[in-house]
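K.L.:
My structure is below; once you've seen it, I'll send some questions.
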Amino acid sequence: MAAPCPVSFCPRVCPALLSPPGLWTPGRGDGFEGEAGFRASSLRSQFTVCAGGAGWGHVVSSFCVPDTLRAPGADQPVPAPRICILAEETLVLEDPSLERHFKGHRDAVTCVDFSLNTKQLASGSMDSCLMIWHMKPQSRAYRFAGHKDAVTCVNFSPSGHLLASGSRDKTVRIWIPNVKGESTVFRAHTATVRSVHFCSDGQSFVTASDDKTVKVWSTHRQKFLFSLSQHINWVRCARFSPDGRLIVSASDDKTVKLWDKTSRECVHSYCEHGGFVTYVDFHPSGTCIAAAGMDNTVKVWDVRTHRLLQHYQLHSAAVNALSFHPSGNYLLTASSDSTLKILDLMEGRLLYTLHGHQGPATTVAFSRTGEYFASGGSDEQVMVWKSNFDVVDYGEVTKVHRPPATLATSSRNLPEVDFPVPPGRGRSQESVQSQPQEPISMPQTLTSTLEHIVGQLDVLTQTVSILEQRLTLTEDKLKQCLENQQLIMQRTTP
């Protein structure tokens, strides 16, 4: 009997794109027939990866491959090799893996964030301390003490030279991670500070608080700029858009509000959540936002049309945090059901469920490249995972951002893959010292060049924004013309 064909066919894509000429010809019925007469049947859906032998396989979100190939007159089918070649790029897909396991906090971990170069990971805890973990193996971790109460949020500046933290002591501290671990402190709110986030240009940052306000501050002068105060309950989270022109906030008043930074006006309120909204963030493209809630759901909206694009109800308890992969294709969530989940936004489905924390998972964050992500929980643990599921050139990952696919229906009954943490795998306990290492300074010429590039990108962003506004106006006028035409036709019809 002839050997099975070496390429499996994905019925969602033209076979000519997947296999060499003449290897596959359309068969009859529900299968596909190869040149050697083999027949593919029992199509299997929603495979995340196909791999067959060293160096083969392609990272794809969802497609169908045949379970078996049957030769004419054969009694038994033979297993089909899981191989897919697409766009002349073949990559082997692996599952997320636990890389590091940090222990040092004395209470629940509330927040995590990676530095720009992924060499450092900051975490805050209910123990009132801020920890700086070094990603280099066998490096020491450092504890920053200064807050008088629980640390609720941390965020590295875009350059990585500053680190902001907020606390239940109502203050914000700006740390300079040098040998002395110095920080400046100012009373930012009249209640617990829940969130702090730097603008992409590093010139300002936004805070959110239980005093029901969102405030914007100057980074270097640490001067209060303005306040946004339309929420009627605690504000859990506030984030800048990638271009710095919008701010989004999430509140216990069950709303997500979108603000214009220039006019300081609320552009839109999203009221679809059935409970407190715990976290919100912008898609890397800036066109969408995702919000997590106490109602166990995650929702994704388009900030241009304000339309609900996707709705996920996959967790069995409150969703406490989320983070977009820099490519914009994946969303990571952390829940009080103790699991992390990775969602494929392009397909609108669940990819992985990760079990690692003993108790609620409270926070998650992707690194700037997306190669790693970190999680924290009430078990006082900080875990660093290697993504693996999006194997690309991480240096190119931010060049193209695709918005999520529209999904009108709820993703309740999607299949999931569980990955329990192997005991002792990839774990390393880090010792604690009182002072951090000196950061490596950037050459002045490189700094000037980068600033020039940022300026040019800002001009380009402004141009694109103006074009989007004009397109929106044109669409509105066209819609109005069509409505007027329909009214005229209705009036003229006897």
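Every residue gets a Cβ built from N, Cα and C, even glycine.
Straight from TrEMBL, here's the annotation block:
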type	residues	note
REPEAT	102-143	repeat 'WD'
REPEAT	144-175	repeat 'WD'
REPEAT	186-227	repeat 'WD'
REPEAT	228-269	repeat 'WD'
REPEAT	270-311	repeat 'WD'
REPEAT	312-353	repeat 'WD'
REPEAT	354-386	repeat 'WD'
REGION	407-441	region 'Disordered'
COMPBIAS	429-441	compositional bias 'Low complexity'
K.L.:
Could you give the residue numbers and ranges of same-chain residues that sit at least 6 residues beyond the repeat 'WD' (144-175) on either side and whose C-beta is under 8 angstroms from one of its C-beta atoms?
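P.N.:
Residues 107, 110-117, 120, 122-132, 181-198, 200-202, 205, 207, 209, 217, 219, 222, 434, 436, 439, 442.
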K.L.:
Across the whole of the repeat 'WD' (228-269), what does the mean pLDDT come to? Round it, please.
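P.N.:
For the repeat 'WD' (228-269), the model's average pLDDT rounds to 96.
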K.L.:
Using DSSP, tally how many residues of the repeat 'WD' (354-386) sit in helix, strand and coil.
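P.N.:
Counting residues by DSSP class gives 0 helix, 20 strand, 13 coil.
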